[in-house]
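Here is the structure we will look at, set down as C-alpha cells.
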Amino acid sequence: MHIIAVGLNFRTAPVEIREKLSFNEQELASAMKTLSGQKSILENIIVSTCNRTEIYAVVDQLHTGRYYVKAFLAEWFGIDKEEFSPYLTIYENDGAIEHLYRVACGLDSMVIGETQILGQVRSSFLLAQEEETIGTVFNQLFKQAVTLAKKAHHETEIGANAVSVSYAAVELAKKIFGDLSSKHVLILGAGKMGQLAVQNLYGSGAKKVTVVNRTFEKAQELANRFSGEAKPFADLQHALSEADILISSTGANDYVVTKQMMSEAERTRKGRPLFMVDIAVPRDLDPELDELETVFLYDIDDLNGIVESNLQERQKAADEIEIMLEAEIVAFKSWLGTLGVVPVISALRQKALTIQAETMKSIDRKLPDLSERERKVLNKHTKSIINQLLRDPIPHAKELAGEKHAEESLELFMKIFNIEQEVALQKEKEEQLHTSITSHSVAYQS
C-alpha cells in the first residue's frame, strides 16, 4: 500500500492548462466515484480550486497508481496525457503526506497562510466520506491534516498580517482610526484593487463607503454589492469634503486629486484630518498633498514596505508550522505502521477463540452431565486463560509494527503462532469489502 498525490498548481502550470483540468463542484462526487473503480486505486480524494487540481490516492502499487490516475484525468477531461503530463507534480508516501499538510496549512498557497484552502480541503474530505471513496487511511490522514491546519492558524500568526496592497491599506486605516464603523470612506476607482479594498473595508467593520469612478455604472455596480453609495466623477470635489479615509486606485495617467482640489475641500472640512492611500501606478494622488497639514498621504511604496515586513512575519510563522509538520508526519507514519498488524492481531485472537471453542466442545463430549452453571464457569475460565496468554504477544506485535523492518518481524511473528493462513483470510475479507464499495462506480464523463 502506498500514498500518492498527483496534480498541478499555479506554480507548475499556466492558467490555460489549469482550466482544462478543473473539476466543478457538481461533478466532483461523480469523479471520485469513477476514480474509485479504477485498478490500483484503493482510496481517493480530489481537491480542485482555481489554483490547483490534485488527486490524493491510496494505491496498491506506485507505478500502476500513477498510470491510472493520469489515465483517469485524460479520459475525464478528454485531453491527451502528453498535453498535461509535463505540468504534473507527483508526490509519493512521505512526500505526499507532507504535501497535503502543507496545502491544508496554506504553506503551498499563492498567498502564504491563507485559510480558504483549508475549507476546500475539508469540503473534499467530507464529500469523500459521504461518497465512500476513502477508508481507514485517508479518514485518519485528512482528519489529521485539518486538525493540524486549525492548530497552526490558532497557535501562530501565519494569517495575522496583511500581504496584499489593498488589504494593507485597510489595515493601515484601522491602525490610525481604530474603529472604522463611524468613518466615511471614499473609494476612487472600481477596478480589481478598488473591489478588494471595498471588500476588506466591510470585512473590517466599515459601514459608510462611497465609490467614485469615471464610469458611473461601474461605481454603482460595486457600491450596490456592498450596500454602499455611488457618486459620479463630477461630484469628486464634494465627496472629498465628506471623507475621513480615501483609497484611490484608478490608474489614470494624471493626478486625480491635486493639492489645489484638496485646499478647496478643506474650507468645509473644519480641520478634520483626511487619511489618503494611493495604491495606483501611475499615482492618482498628487505628492504635494502631503504638504497640507490635515492630510496624511501614503503611496504604494509605503504599503509595499508594510507588505514585505508582514511577509517576513508570515514566513517566521511558516517556519514554526514546518516544525509542527515534522512531528505530525512521524505520528501519522507510526499510526500507519500499526495497520499492518491489525489482521495479524485479529487472526491471533480468532485462532485463540477457535481453540477455546473446540476445547469447550471436547469438555461437553467428555463431561455430558455438567450443569449449565458449571459449563458457564468453565467457559469463562477458559476464555480468561486465552486472554492472559494473549496479554503479552499482542502489545509486542504492535511494537513490531512500528519498527524499521516491521514486515519481516511480523512474518516471523505469524510463523511462531502458525497463523499465516488466518492472516491471509483476514486480508481477503478486507479486499472483498473494498470491492463491494467500489463496484457500483459510475461511468466516465467528459
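Here the Cβ of each residue, glycine as well, is placed from N, Cα and C on the backbone.
Quick look at what Swiss-Prot annotates:
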- Thr49, Cys50, Asn51, Arg52, Ser109, Glu114, Thr115, Gln116, Gln120: substrate binding site (BINDING)
- Cys50: active site, nucleophile (ACT_SITE)
- His99: site 'Important for activity' (SITE)
- Gly189, Ala190, Gly191, Lys192, Met193, Gly194: NADP(+) binding site (BINDING)
Among Asn51, Thr115 [binding-site residues], residue with fewest other Cβ within 10 Å: Thr115
Which of Cys50, Ala190, Met193, the listed recorded positions, has fewest other Cβ atoms within 10 Å: Cys50
Check: same-chain CB within 8 A of NADP(+) site center, minus Gly189, Ala190, Gly191, Lys192, Met193, Gly194: Ile187, Gln195, Leu196, Ala197, Leu222, Ser249, Thr250, Gly251
Under 8 Å by Cβ from Gly194 (NADP(+) binding site), counting only residues of that chain that are 6 or more apart: Ile187, Leu188, Val211, Asn213, Leu222, Ile247, Ser249
Rounded to the nearest Å - Cα separation of Ser109 (substrate binding site) and Gly189 (NADP(+) binding site): 28
Entry from the recorded positions list His99, Lys192 having the most other CB atoms no farther than 10 A: His99
Cα proximity to Thr49 (substrate binding site), best match among recorded positions His99, Gly189, Ala190, Lys192, Met193: His99
Residues close to substrate site centre defined by Thr49, Cys50, Asn51, Arg52, Ser109, Glu114, Thr115, Gln116, Gln120, Cβ within 8 Å: Gly106, Met110, Ile117
Minimum Cα separation from Gln120 (substrate binding site), reported as the residue among recorded positions Cys50, Gly189, Gly191, Lys192, Met193 that achieves it: Cys50
Whole-number Å value for how far Thr115 (substrate binding site) lies from Cys50 (active site, nucleophile) (Cα to Cα): 15
Mapped DSSP class for Asn51 (substrate binding site), helix or strand or coil: coil
